[in-house]
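First the structure, in the form of C-alpha coordinates, and then the observations on it.
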Amino acid sequence: MPLLGDDFPELKVQTTHGPMNIPGDLKGSWFVLFSHPADFTPVCTTEFVAFQQRVEAFEKIGCKLIGMSVDQVFSHIKWVEWIKENLDVDITFPIVAANDRIANKLGMLHPGKGTNTVRAVFVGDPNGKVRLVLYYPQEIGRNMDEILRAVKVLQISDSNKVAMPADWPNNLLIKDHVIIPPANNVEDAKKRKEQQYDCYDWWFCHKPLDK
(Lines of atoms letter the chains of each structure in order from A and count residues from 1; the text may use other names and numbers.)
(Lines give C-alpha, C1' and ligand atoms only; values in the text may rest on other atoms or scores of the structure.)
Protein backbone atom coordinates (compact mmCIF):
# COMPACT_ATOMS: atom_id res chain seq x y z
CA MET A 1 0.00 0.00 0.00
CA PRO A 2 1.49 3.39 -0.96
CA LEU A 3 2.27 5.72 1.93
CA LEU A 4 2.65 9.49 2.05
CA GLY A 5 5.72 10.59 0.14
CA ASP A 6 6.04 7.30 -1.76
CA ASP A 7 6.14 7.10 -5.52
CA PHE A 8 2.67 6.14 -6.70
CA PRO A 9 2.83 2.50 -7.89
CA GLU A 10 3.18 2.08 -11.64
CA LEU A 11 -0.10 0.68 -12.96
CA LYS A 12 -1.08 -0.34 -16.49
CA VAL A 13 -4.85 -0.27 -16.54
CA GLN A 14 -7.89 -0.33 -18.79
CA THR A 15 -10.35 2.52 -18.40
CA THR A 16 -13.53 3.82 -19.97
CA HIS A 17 -11.23 6.15 -21.97
CA GLY A 18 -8.88 3.37 -23.11
CA PRO A 19 -5.53 2.08 -21.77
CA MET A 20 -3.73 4.25 -19.22
CA ASN A 21 -0.42 4.20 -17.38
CA ILE A 22 -0.71 5.61 -13.88
CA PRO A 23 1.05 7.79 -12.86
CA GLY A 24 3.09 7.97 -16.09
CA ASP A 25 0.30 9.47 -18.20
CA LEU A 26 -0.39 12.00 -15.44
CA LYS A 27 3.14 13.33 -14.89
CA GLY A 28 3.15 17.10 -14.69
CA SER A 29 -0.38 17.18 -13.30
CA TRP A 30 -1.95 16.74 -9.89
CA PHE A 31 -4.43 13.87 -9.79
CA VAL A 32 -7.07 12.34 -7.55
CA LEU A 33 -7.56 8.59 -7.92
CA PHE A 34 -10.64 7.44 -6.02
CA SER A 35 -12.03 3.95 -5.69
CA HIS A 36 -15.63 2.96 -5.13
CA PRO A 37 -17.10 -0.37 -3.94
CA ALA A 38 -19.20 -1.17 -7.02
CA ASP A 39 -21.06 0.22 -10.01
CA PHE A 40 -24.85 0.58 -9.84
CA THR A 41 -24.89 1.30 -6.10
CA PRO A 42 -26.64 4.34 -4.57
CA VAL A 43 -23.84 5.94 -2.53
CA CYS A 44 -21.31 5.49 -5.35
CA THR A 45 -23.73 7.07 -7.80
CA THR A 46 -24.11 10.14 -5.60
CA GLU A 47 -20.32 10.37 -5.33
CA PHE A 48 -19.74 10.20 -9.07
CA VAL A 49 -22.33 12.90 -9.68
CA ALA A 50 -20.70 15.04 -6.98
CA PHE A 51 -17.22 14.58 -8.48
CA GLN A 52 -18.52 15.41 -11.95
CA GLN A 53 -20.16 18.58 -10.66
CA ARG A 54 -16.70 19.70 -9.53
CA VAL A 55 -14.67 18.63 -12.56
CA GLU A 56 -14.18 22.23 -13.71
CA ALA A 57 -13.04 23.27 -10.23
CA PHE A 58 -10.45 20.48 -10.21
CA GLU A 59 -9.35 21.32 -13.75
CA LYS A 60 -8.94 24.97 -12.75
CA ILE A 61 -6.23 23.97 -10.27
CA GLY A 62 -4.58 21.55 -12.70
CA CYS A 63 -5.92 18.36 -11.13
CA LYS A 64 -7.30 15.31 -12.97
CA LEU A 65 -9.90 12.87 -11.64
CA ILE A 66 -9.77 9.09 -12.12
CA GLY A 67 -12.34 6.65 -10.73
CA MET A 68 -11.67 2.97 -10.01
CA SER A 69 -13.38 -0.23 -8.88
CA VAL A 70 -13.13 -3.98 -9.38
CA ASP A 71 -15.75 -3.99 -12.14
CA GLN A 72 -15.21 -4.63 -15.83
CA VAL A 73 -15.08 -1.79 -18.35
CA PHE A 74 -18.44 -2.71 -19.87
CA SER A 75 -20.05 -2.36 -16.42
CA HIS A 76 -18.49 1.08 -15.99
CA ILE A 77 -19.72 2.12 -19.45
CA LYS A 78 -23.26 0.91 -18.80
CA TRP A 79 -23.35 2.66 -15.41
CA VAL A 80 -22.12 5.93 -16.92
CA GLU A 81 -24.86 5.59 -19.56
CA TRP A 82 -27.45 5.03 -16.83
CA ILE A 83 -26.29 8.14 -14.96
CA LYS A 84 -26.56 10.19 -18.14
CA GLU A 85 -29.99 8.85 -19.09
CA ASN A 86 -31.56 9.00 -15.63
CA LEU A 87 -29.77 11.83 -13.84
CA ASP A 88 -28.75 13.96 -16.83
CA VAL A 89 -25.11 14.01 -15.69
CA ASP A 90 -22.36 13.21 -18.20
CA ILE A 91 -19.39 11.55 -16.44
CA THR A 92 -16.32 12.85 -18.29
CA PHE A 93 -13.43 11.44 -16.24
CA PRO A 94 -12.01 7.94 -16.86
CA ILE A 95 -12.95 4.97 -14.68
CA VAL A 96 -10.39 2.21 -14.17
CA ALA A 97 -11.41 -1.44 -14.41
CA ALA A 98 -9.19 -2.76 -11.63
CA ASN A 99 -8.44 -6.37 -10.72
CA ASP A 100 -7.67 -7.92 -7.35
CA ARG A 101 -3.92 -7.49 -7.87
CA ILE A 102 -4.25 -3.74 -8.43
CA ALA A 103 -6.74 -3.35 -5.59
CA ASN A 104 -4.45 -5.23 -3.19
CA LYS A 105 -1.45 -3.20 -4.35
CA LEU A 106 -3.28 -0.03 -3.34
CA GLY A 107 -4.73 -1.48 -0.12
CA MET A 108 -8.27 -0.97 -1.35
CA LEU A 109 -9.93 -4.32 -0.60
CA HIS A 110 -12.24 -4.29 2.40
CA PRO A 111 -11.51 -7.21 4.78
CA GLY A 112 -14.47 -9.55 4.94
CA LYS A 113 -16.36 -7.88 2.09
CA GLY A 114 -15.20 -9.86 -0.92
CA THR A 115 -13.81 -7.98 -3.90
CA ASN A 116 -15.56 -4.70 -3.12
CA THR A 117 -13.03 -1.89 -2.86
CA VAL A 118 -13.21 0.59 0.00
CA ARG A 119 -13.76 4.28 -0.70
CA ALA A 120 -10.10 5.19 -1.02
CA VAL A 121 -8.72 8.53 -2.20
CA PHE A 122 -5.14 9.05 -3.37
CA VAL A 123 -3.86 12.50 -4.23
CA GLY A 124 -0.75 12.52 -6.40
CA ASP A 125 1.44 15.48 -7.29
CA PRO A 126 3.04 16.36 -10.66
CA ASN A 127 6.07 14.21 -9.75
CA GLY A 128 3.92 11.15 -9.15
CA LYS A 129 4.37 11.29 -5.36
CA VAL A 130 1.57 10.27 -3.01
CA ARG A 131 0.59 13.38 -1.06
CA LEU A 132 -2.68 12.41 0.61
CA VAL A 133 -4.47 9.14 1.38
CA LEU A 134 -8.04 8.88 2.69
CA TYR A 135 -10.15 5.80 3.42
CA TYR A 136 -13.89 5.82 3.97
CA PRO A 137 -16.11 2.84 4.87
CA GLN A 138 -18.60 1.60 2.32
CA GLU A 139 -21.52 3.12 4.21
CA ILE A 140 -20.27 6.73 4.09
CA GLY A 141 -19.97 8.93 1.00
CA ARG A 142 -17.05 11.31 0.64
CA ASN A 143 -17.02 15.09 0.95
CA MET A 144 -15.81 16.31 -2.46
CA ASP A 145 -15.36 19.89 -1.30
CA GLU A 146 -12.87 18.70 1.32
CA ILE A 147 -10.94 16.71 -1.28
CA LEU A 148 -10.84 19.78 -3.53
CA ARG A 149 -9.74 21.93 -0.57
CA ALA A 150 -7.01 19.43 0.31
CA VAL A 151 -5.52 19.59 -3.19
CA LYS A 152 -5.62 23.39 -3.11
CA VAL A 153 -3.87 23.65 0.26
CA LEU A 154 -1.21 21.12 -0.76
CA GLN A 155 -0.46 23.28 -3.79
CA ILE A 156 -0.35 26.47 -1.72
CA SER A 157 1.87 24.85 0.91
CA ASP A 158 4.30 23.64 -1.75
CA SER A 159 4.45 26.98 -3.55
CA ASN A 160 4.77 29.19 -0.47
CA LYS A 161 6.59 26.93 2.02
CA VAL A 162 3.90 27.46 4.64
CA ALA A 163 1.58 25.25 6.68
CA MET A 164 -2.19 25.43 6.46
CA PRO A 165 -4.47 25.68 9.52
CA ALA A 166 -7.62 23.70 10.18
CA ASP A 167 -10.57 24.59 7.97
CA TRP A 168 -8.52 27.02 5.86
CA PRO A 169 -9.52 29.55 4.56
CA ASN A 170 -12.14 29.79 7.33
CA ASN A 171 -10.07 29.04 10.43
CA LEU A 172 -11.67 30.36 13.61
CA LEU A 173 -8.34 31.54 15.08
CA ILE A 174 -6.41 33.02 12.16
CA LYS A 175 -9.08 33.15 9.44
CA ASP A 176 -7.47 32.95 5.97
CA HIS A 177 -3.89 33.42 7.19
CA VAL A 178 -1.23 30.75 6.68
CA ILE A 179 1.22 29.43 9.27
CA ILE A 180 4.95 30.14 9.21
CA PRO A 181 6.97 26.98 9.98
CA PRO A 182 8.39 27.16 13.53
CA ALA A 183 11.97 28.36 14.03
CA ASN A 184 14.49 25.52 14.29
CA ASN A 185 17.14 27.25 16.38
CA VAL A 186 17.33 29.70 19.31
CA GLU A 187 18.49 32.68 17.26
CA ASP A 188 15.66 32.35 14.74
CA ALA A 189 13.18 31.98 17.59
CA LYS A 190 14.34 35.30 19.06
CA LYS A 191 14.02 37.03 15.71
CA ARG A 192 10.63 35.57 14.90
CA LYS A 193 8.58 38.09 16.87
CA GLU A 194 10.63 40.96 15.45
CA GLN A 195 9.57 40.05 11.93
CA GLN A 196 6.33 41.34 10.47
CA TYR A 197 4.24 38.32 11.36
CA ASP A 198 1.29 37.95 13.69
CA CYS A 199 2.45 35.67 16.51
CA TYR A 200 0.85 34.03 19.53
CA ASP A 201 4.38 32.95 20.40
CA TRP A 202 7.62 32.36 18.43
CA TRP A 203 6.44 28.86 17.50
CA PHE A 204 2.97 29.98 16.33
CA CYS A 205 3.24 32.78 13.78
CA HIS A 206 0.93 33.45 10.87
CA LYS A 207 0.53 35.90 8.01
CA PRO A 208 -1.69 36.67 5.02
CA LEU A 209 -0.95 34.37 2.11
CA ASP A 210 0.15 37.21 -0.17
CA LYS A 211 2.50 38.83 2.37
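The backbone N, Cα and C atoms fix where each Cβ goes, glycine too.
Per Swiss-Prot, domain 'Thioredoxin' is recorded for 2-156.
The Cβ neighbour count for Cys44 (active site, cysteine sulfenic acid (-SOH) intermediate), using a 10 Å radius and every protein chain shown, is 20. Under DSSP, Cys44 (active site, cysteine sulfenic acid (-SOH) intermediate) is assigned to a helix (H, G or I) in the three-state scheme. Look at Swiss-Prot and you will find Cys44 tagged as active site, cysteine sulfenic acid (-SOH) intermediate.
Applying an 8 A CB threshold to same-chain residues 6+ apart, the list for Arg119 (substrate binding site) reads Phe34, Ser35, His36, Pro37, Glu47, Tyr135, Tyr136, Pro137, Gln138, Ile140, Gly141, Arg142. Annotation note: Arg119 (substrate binding site) sits in a strand segment as assigned by DSSP. For Arg119, the entry in Swiss-Prot reads substrate binding site, with the evidence type sequence analysis.
Annotated disulfide bond per Swiss-Prot: Cys199-Cys205, in sequence order. DSSP assigns Cys199 (disulfide bond) to a strand in the three-state reduction. The Cβ of Cys199 (disulfide bond) has 15 neighbouring Cβ atoms from other residues within 10 Å, across all protein chains displayed.
Confidence over the domain 'Thioredoxin' (2-156), given as mean pLDDT on the 0 to 100 scale, stands at 94. The two recorded residues, Cys205 (disulfide bond) and Cys44 (active site, cysteine sulfenic acid (-SOH) intermediate), show a Cα separation of 41 Å.
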